[in-house]
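So the structure is just underneath, and the comments pick up after that.
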């Protein structure tokens, strides 16, 4: 290892130690928000200094704009995804975040803010830098969900950028008059040395191969870009991280040797680092790499058949490139191998993630395909989904875990079919009086819209037998598209129109599609001679979706729910960081909803109508540790407003749940309608009690009868068999589960009360409850708040 590189590595180790030491000392007292802002300042300042050093200050904004909107960034992100396996402090996620932030800051006006920042000096520069850094810090904290976590990651990014921007690493070279990207062997050796020091042990052959593959992805991809400005943007972006040297004034063959022109020292001071003429030695235990020629890999083509060695991740990458390059028509051919690749993939998690990502990518482009093409693409994707379902069912995990994974996947499939509804929806124009647009829907409109979706829906029902009935979430329907954000719209449907659509079009739902979301209405509840659906999408302060005001004249009460899909303005990584809010008469209440990645939206099932929107949710319980088995469940049901904590900031996970408390949790978890519910048969349940409407709702549905005549015993601790019966009856009433066999599932089956045995089987077979160990159900035991949180989370997936 050269002297310069040794100094660099030593500095990195000291910086990492200092970072860890400072966090240890400052625990509990550190202002992590300010730490995030300061780290963001240094990151942006390093970027600005690099951009200034290009000598293209006037054009830099346009160049970077071309890069962040072009295909080149996908190659770079693919490389960083691979490099994430070797810890440099820079991962695909945080590099992608930086690109996205650059693209979206100040409304995406890169030509304004970036040029202003790069050309500003003195106090004006400091002001603009502070504003940008504050915005970056806030966005990053939102991204990771914690200021402390964001501070640690931003410091790591900053340290990595400082070290790598020294110029001594540079595994890439821009060479020749045509600006060709080439592999720099010495730079790769230096990168390996850096990884060796950063990881604290020798880098193995696998890591060396990962690094080489990542660099080759960049070289083979960027050399295919024809747009010179986009290529220049990629070069500038890579230089921000010290990954490229510009030797474009050197022409001809032969090895690159001699003294390299430096790219400048570390931002904030420090000498320029010169690349030594002698190669830097490879770390001990690392094979000496042979010269790497510039790869001759062709630009990925959307219609190109993948090789037998192709992986699911590579297929997802190919689909991404096809989508971004506009080669949508070739998607069907590209996707042909999906089911086969899912079968070959050994890691179930990888298979599931890849299929969901493909559904998300393809779903966003369905509008540019015809109905037959959509059916064809959907068919092959659903067969891939079904293979994932087979893998989940074949896992050696509990029934509960299998069902959870299958239900999660079912929602993603529903999200994809929602995209199909959008693509095949019939656009309707109404009569606009300036404030309200009235749309009279004809039977022909619904029948026309139903033709394409029915073909797709039949394929879905046939192809995904392994994951359950998606029609429980969707139901075959006809989509009508209306537009007009900020304006009230009235969609009018006559009984004659609905009857014809149901009989001739075989549809069960009317689907109203808009840019901000979607509404699925069951025809079975639209029974009046004239139905008027009043909707308005509007801005709500602090919300991360548009707000939907919805009311329907001519709708009757019924078992079937109205589905509302609220699209989000940004993707979320933690479902418990958002909540769905219902607003009525100035009162705001959290209701349950399910985040669906494929549509980047929240799926909400309701029987009541009001105003709905998605907002941020932030809740920390002092007695719920992130490592606890129930952590995820507690946070999810808390974000759904089903189970709340105590005023002292605790959750009390081990506290027993009362019968009244469980009645509320079950009603809220299923979104049951409590309006107008009354009960008089219980002496210990009176109007005015906080649990009155919940007990009344369950009693009127035939779900509870009390422990004895006239006694509900609201404050008594609920037993596991009582829970099983209430859950089983409630889910059956809502049409969400089927009957179960009468076979005994547990060793202590004889201890289960006769009246509860059938219901214990139902909740067991449907993956809602399980034994406590040793295959024992323990029916008479009470249930803790942690256990109930996990059960309610599973109920909400039904």
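Keep in mind that glycine also has a Cβ here, set from the backbone N, Cα and C atoms.
Feature annotations, courtesy of TrEMBL:
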type: COMPBIAS; residues: 254-271; note: compositional bias 'Gly residues'
type: DOMAIN; residues: 617-677; note: domain 'SLH'
type: DOMAIN; residues: 678-741; note: domain 'SLH'
type: DOMAIN; residues: 743-798; note: domain 'SLH'
type: REGION; residues: 254-311; note: region 'Disordered'
type: SIGNAL; residues: 1-26; note: signal peptide
> Across the domain 'SLH' (743-798), what is the average pLDDT of the model, as a whole number?
Replying inline: 91
> What does DSSP give as the helix, strand and coil breakdown of the domain 'SLH' (678-741)?
Replying inline: 23 helix, 6 strand, 35 coil
> Could you count the residues of the domain 'SLH' (743-798) that DSSP puts in helix, in strand and in coil?
Replying inline: 27 helix, 2 strand, 27 coil
